[in-house]
Structures are given as structure tokens and as C-alpha cells.
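Feature annotations, reproduced from TrEMBL:
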| type | residues | note |
| --- | --- | --- |
| ACT_SITE | ASP135 | active site, proton acceptor |
| BINDING | LYS44, GLU93, TYR94, ALA95, GLU139, ASN140, ASP153 | ATP binding site |
| CROSSLNK | LYS137 | SUMO2 cross-link |
| DOMAIN | 15-261 | domain 'Protein kinase' |
Amino acid sequence: MRNPNNAPAFCKSDFEFGKLLGRGAVGRVWLVREKRLGRILALKCMRKRDILRYSSPAVLRRELCVHSTLRHRNVLRLYNWFSDSDNIYLLLEYAPGGDLFALHRPVSEPRARKLVAQTVEALAFCHSRGIAHRDLKLENILLGADGNVRLADFGWSAKDTQRRTTLCGTLDYLAPELATQKPHTRAVDAWALGVLAFELLVGRAPFTAPGRKETLQRITACTYTIPQSVSPLARQFLSSLLQTDPAKRMSLADARRHPWILKPSDSIQSKENSSPKD
Ligand code: ATP
Ligand code: MG
């Protein structure tokens, strides 16, 4: 497998391994120190055996090609990759703040607004490059050294010039068109953004039911209730995203301009999300 820049290949012994940062369906992610330069990085290790069981080399190749081209302050950097006989390794920016799943939820409305606004920026950037993420969820949003959002895990991402029919993503976040296996577009990310914002504001996912079938029914019928504790503007934001018909669903461009996102306290937050390096 080629690395992004044809740079000299790495091998596992080039790194000192620290703590396990997390694990997903196919990957374990370790904190590592590059011995030569002393850089602190995250190394995502995936067994080739597991890639074949849960995913495919084609899916992985797509993840790497897509992710390595994305440069945005709210998108986790993929620096390089290499492989040995058993594993494939991704060299990633280390996000010391961990993932949003670890947050105690619900979070305050200003905090939720900041996290959602930065996620919108990351997704809008991906969409501007013709890429749908398709696996937005709390576990795939990390917090960087500056405390700002880093969108991660492009394992299900796709160039969405055409309408697609592949079933992908996580049950709680599945858009109705995916749940009913209809063709879908990048509008699935806007739905997932609504689920994510709901989880942050309310502390639970909107459609979760005891069984898979019932959850799917709630998704397709768009049955959910927003507690009174959520402000009217935030409720309006959620209900504009959680629209069954993708054509009526708020676009990311409109989400960026939504009054809930643009509330005055965000002037401080947008400053927090910019740095001279950007
Ligand atoms: P999934 O089950 O979503 O397919 P995966 O196998 O693709 O997961 P990731 O989502 O990339 O794996 O990573 C799993 C977990 O590891 C994340 O939820 C996060 O907690 C942690 N993690 C991943 N990358 C980093 C990083 N760069 N810095 C810090 N923690 C990370
Ligand atoms: Mg993940």
C-alpha cells in the first residue's frame, strides 16, 4: 500500500507505544511517540484479518484516500499510513480531548452550540469537496489540543456525486432514507447532525427503542419528543434537521446560518475556533 506522499515508509518499531486511546469495530488506536522526531501521534492499528471480516480493502483504501486530502481545522489530520504482514497502521493527529461520547450529557446549551457549530464547519468543508462522511456520531468527533472539534473516522465516507444505496452508519444515526434502503445523498449527514445535536442537548438519542425493529420504525415515522428544557431556537434547529424528506431537511449551508448557531455568544466561540495557523 502506498503512503500519501511516497514518503519513506514507517514501521512499527519507529514508535514507542503509550496508552490505548480507544477501540472501534476494526481499529485500536494507541498514543505513540515517533522515536526519530519525538512527535506525539495517534496510531490506528487495524488487523488485515478484521478488515476482511468487518470491512474490505476497498473501503479502507477509500478511507485513506479521502481522509489524507482533507485539511481543515475541524477535521482530524491523517499524516501517513503503512502496513506489515498482519496490520495496517494509520498515523493520525493525536486528539488529547478524547471523543464526545465520553462527555457527561446533556451538556450546556452554549457548549452544545459550540460543538455543533464546529461539526457543521467540518461537514460543510467535506461536502464542499464532494465527500459525505456517512458515520457521524459522538464517538467519531474528537477534541484537539486546542479544545476544538476534530471530525474523525472516514471509514464510511464516499464521494457522493451520485445517489447511493449502500446501507452504512450506526443504527441510532441512520437517516430514514437509509433505514428504508432508498438511494441517499449527503443529506444523510444533516440528519445525523440533528441526532448528534439532540444527544448533546437532551442526553439521549432521539429514536432509540428497546429493539432494532422499533428503533427503525421510530426513525421512519420520525417519532421523537424534545424536552421542555431545550430552548425554542434549539428545538427549531433540531426539527429542521430531523425531517424525513431529505428535500425538506435543512442543508448544512442553512445550518451554518441558523439563528441558534449564530447566537451572540458564538462570537467568542468562533474566535476560539480560529488560530493564525488556520
Ligand atoms: P468504528 O467502530 O466507529 O468504525 P473505528 O474502528 O473506525 O471505529 P475510530 O473511530 O477511528 O475506530 O477510533 C476508535 C476510538 O479511538 C474513537 O472513538 C476515539 O475514542 C479513539 N481515537 C481514535 N482516533 C483518535 C485520535 N486521533 N486521538 C485520540 N483518540 C482517538
Ligand atoms: Mg469510529
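Each residue, glycine too, has its Cβ placed from N, Cα and C.
Sequence features, as recorded in TrEMBL, placed on the structure.
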residue: LYS44; record: ATP binding site; contacts (Cβ under 8 Å, 6+ apart): GLY27, ARG28, VAL29, TYR89, LEU90, LEU92
residue: GLU93; record: ATP binding site; contacts (Cβ under 8 Å, 6+ apart): LEU41, ALA42, LEU76, ARG77, LEU78, TYR79, GLY144, ARG150
residue: TYR94; record: ATP binding site; contacts (Cβ under 8 Å, 6+ apart): LEU21, LEU31, ILE40, LEU41, ALA42, ALA145
residue: ALA95; record: ATP binding site; contacts (Cβ under 8 Å, 6+ apart): ALA42, LEU76, LEU142, LEU143, GLY144, ALA145, ARG150, ALA152
residue: GLU139; record: ATP binding site; contacts (Cβ under 8 Å, 6+ apart): GLY22, GLY24, ASP99, LEU100, PHE101, ASP153
residue: ASN140; record: ATP binding site; contacts (Cβ under 8 Å, 6+ apart): ASP99, HIS133, LEU151, ALA152, ASP153
Checking proximity to ligand 2 here: which recorded positions out of ASP135, GLU139, ASN140, ASP153 have their Cβ closer than 6 Å to it?
GLU139, ASN140, ASP153
So which recorded positions out of ALA95, LYS137, ASP153 are up against ligand 1, CB under 6 A?
ALA95, ASP153
By the count of other Cβ atoms within 10 Å, pick out the sparsest of the recorded positions ASP135, ASP153.
ASP135
Hey, does DSSP put ALA95 (ATP binding site) in a helix, a strand, or just coil?
coil
Near the Cβ of LYS137 (SUMO2 cross-link), how many other Cβ atoms are there if near means within 10 Å?
20
Of the residues named as ATP binders, LYS44, GLU93, TYR94, ALA95, GLU139, ASN140, ASP153, how far apart in Å are the Cα atoms of the most distant pair?
16
Mean of the pLDDT scores, which run from 0 to 100, over the domain 'Protein kinase' (15-261):
92
